[in-house]
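Below you'll find the structure, written out as structure tokens, and then a few comments.
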Amino acid sequence: MTIHIKNNVNWVGQRDWEVSDFHGTEFKMTKGTSYNSYLIQEEKTILIDTVDHRFSHQFIQNLEMEIDLTSIDYIVINHAEEDHAGALAALMEKIPGTPIYCTENAIDSIVGHHHHPEWNFKPIKTGDALDIGNGKQLVFVEAPMLHWPDSMMTYLTGDAILFSNDAFGQHYCDERLFNDEVDQTELMDQCLRYYANILTPFSALVTAKIKEVLSFNLPVDMIATSHGCVWRDNPTQIIHQYLEWADNYQEDRITLFYDSMSNNTRMMADAIAQGIHDVDPGVAVKVFNVSRQDKNDILTSVFRSKGILVGSSTMNNVMMPKIAGMLEEITGLRFRAKKAGAFGSYGWNGGAVDRIHSRLTDAGFETAVGLKAKWRPDGKAMQLCREHGQFIAKQWALKPVTTTFQTINVEKKTIPASIAEPVIMVDPSVSSTVESEISVIASNDDKQCMLCTVCNWVYDPEIGEPNQGVEPNTAWIDVPDYFLCPECNLGKDVFVEVK
């Protein structure tokens, strides 16, 4: 099956309605995908990319119905990943000497996957051109790390088609191939989901590469992607959208996601979300349970947000495993210009919140004060959680908030950037009319040593902790509330007096 693209260019790819996972389990596909391969028939015949290896036989069978395979003069591989070049081995069995145009990095990857160093590779550089007859050329543009080191784009002069590889694509399967034929909301949702989960770490490179391509002053009448729809109606709309997404994108949105052992942390999330809405009804608040909802939906919401709040029950003194996994994904995606905070419930130790706070800080977020609740929050504790949401709403507002609510009065402290900020402790026995205070174990003895109940590290007042700005001869009661155990990275609440 072929679909006519323009003049002597046809789509010869493969639709995949059933696929659900991409990059292992990194990306969940909700709308299937397509593997777009293109056949150009000028004086020379060129095949741009193949399809996923699972469809090799079907791809070659369909191609043989259209042309004599031996008439293919050149193969162009924009990307060596298996969903682009997966059928290459089967194709080369049919036409073994055919030149393959790709980047040097692609040669390394293709040989690594298929183990055929004898193939007729033709390495390219940005600006190289290949004459294909009828006054037309293929112009190559390297695009490393969009999203692999081997990536490149190919431009067809005369027809003004940019074969853009993964850029501007989407995992979206439809019998209709062109962007103006499909549901526009679905299309843009899938474009955003694709960018947020796959291209976000390379946003600076996206901007630089788009500006480089635009500097060539080449007309672009059509963008033929490697996945999903071909952009023929106003194709530059997706280019401008990418530039916006790459520029520290955020909406007036706050995303909360959590995992909970006994629904206690879920209760906190609900109350915090309500508090945010109390103060700023205009902000979009989205709440997700990581154990029950799709992680890529959550990450897309994080991408769209000005700030996130991450909650977890404490289990074995650490956060729940799925929260840890989400934070690892978030760290890899390298979000920028976003705020974050931690919250969670605990029984005898609230280490999860401290660890979440540290991970968010390390991931580049501007971190806010965290919130811990002991055991199941009662009505008073829920009110304090709601007030915490009100506090967050005011602190993170993109414009002045006129709604007046009494919020938690968190004392401002001068805190070194490398040290985690304080955590508010919510105890069900505390009256909601009393301001929350940071819970510490105080000792009136200036020389009293303190023992970390988690790792057994001992704080000695005579020595202090210079790495955290705690001078020698500092009594425990005077140690700053942002202090963390240097061994296990937990807060002051896990310390007890050495008897």
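Placement of Cβ uses the backbone N, Cα and C atoms for every residue, glycine included.
Swiss-Prot lists His79, Glu81, His147, Asp166 with the feature Fe cation 1 binding site. Neighbour density for Asp166 (Fe cation 1 binding site): within 10 A of its CB lie 23 other CB atoms from the protein chains shown.
In this structure, Asp83 (Fe cation 2 binding site) is part of a helix by DSSP. Swiss-Prot lists Asp83, Asp166, His227 with the feature Fe cation 2 binding site, giving sequence analysis as the kind of evidence.
Annotation comment: Swiss-Prot describes 260-264, 342-369 as FMN binding site. Within 10 Å of the Cβ of Asp362 (FMN binding site) there are 13 other Cβ atoms, across all protein chains.
The Fe cation 3 binding site annotation in Swiss-Prot covers Cys452, Cys455, Cys485, Cys488. In the structure as shown, the Cβ atom of Cys452 (Fe cation 3 binding site) sits within 10 Å of 20 other Cβ atoms.
Along the domain 'Flavodoxin-like' (254-393), the predicted structure has mean pLDDT 94. The domain 'Flavodoxin-like' annotation in Swiss-Prot covers 254-393 and rests on sequence analysis.
Positions annotated as domain 'Rubredoxin-like' by Swiss-Prot: 447-498. With DSSP states grouped into helix (H, G, I), strand (E, B) and coil, the domain 'Rubredoxin-like' (447-498) comes out at 9 helix, 10 strand, 33 coil.
Positions annotated as region 'Zinc metallo-hydrolase' by Swiss-Prot: 30-210.
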Asp166 (Fe cation 1 binding site) and Thr367 (FMN binding site), compared by Cα position, are separated in whole Å by 33
Summary of DSSP states over the domain 'Flavodoxin-like' (254-393), given as helix, strand and coil counts
66 helix, 35 strand, 39 coil
Additional residues around Fe cation 1, ordered along the sequence, whose Cβ is within 8 Å of the centroid of His79, Glu81, His147, Asp166
Asn78, His84, Leu146, Trp148, Ser151, Asn165, Ser226
Under 8 Å by Cβ from Ser260 (FMN binding site), same chain, sequence gap 6 or more
Arg266, Asn289, Gly311, Ser312, Ser313, Met320, Ser345
Other CB atoms, at most 10 A from the CB of His227 (Fe cation 2 binding site)
24
DSSP-derived structure type at His227 (Fe cation 2 binding site), helix or strand or else coil
coil
Cβ-centroid neighbours of Fe cation 2 site Asp83, Asp166, His227, 8 Å, sequence order
Thr33, Tyr35, Asn36, His79, Glu81, His84, Asn165, Gly169, His171, Thr225, Ser226
Fill in the CA-CA distance, Thr367 (FMN binding site) to Cys485 (Fe cation 3 binding site), as an integer in Å.
19
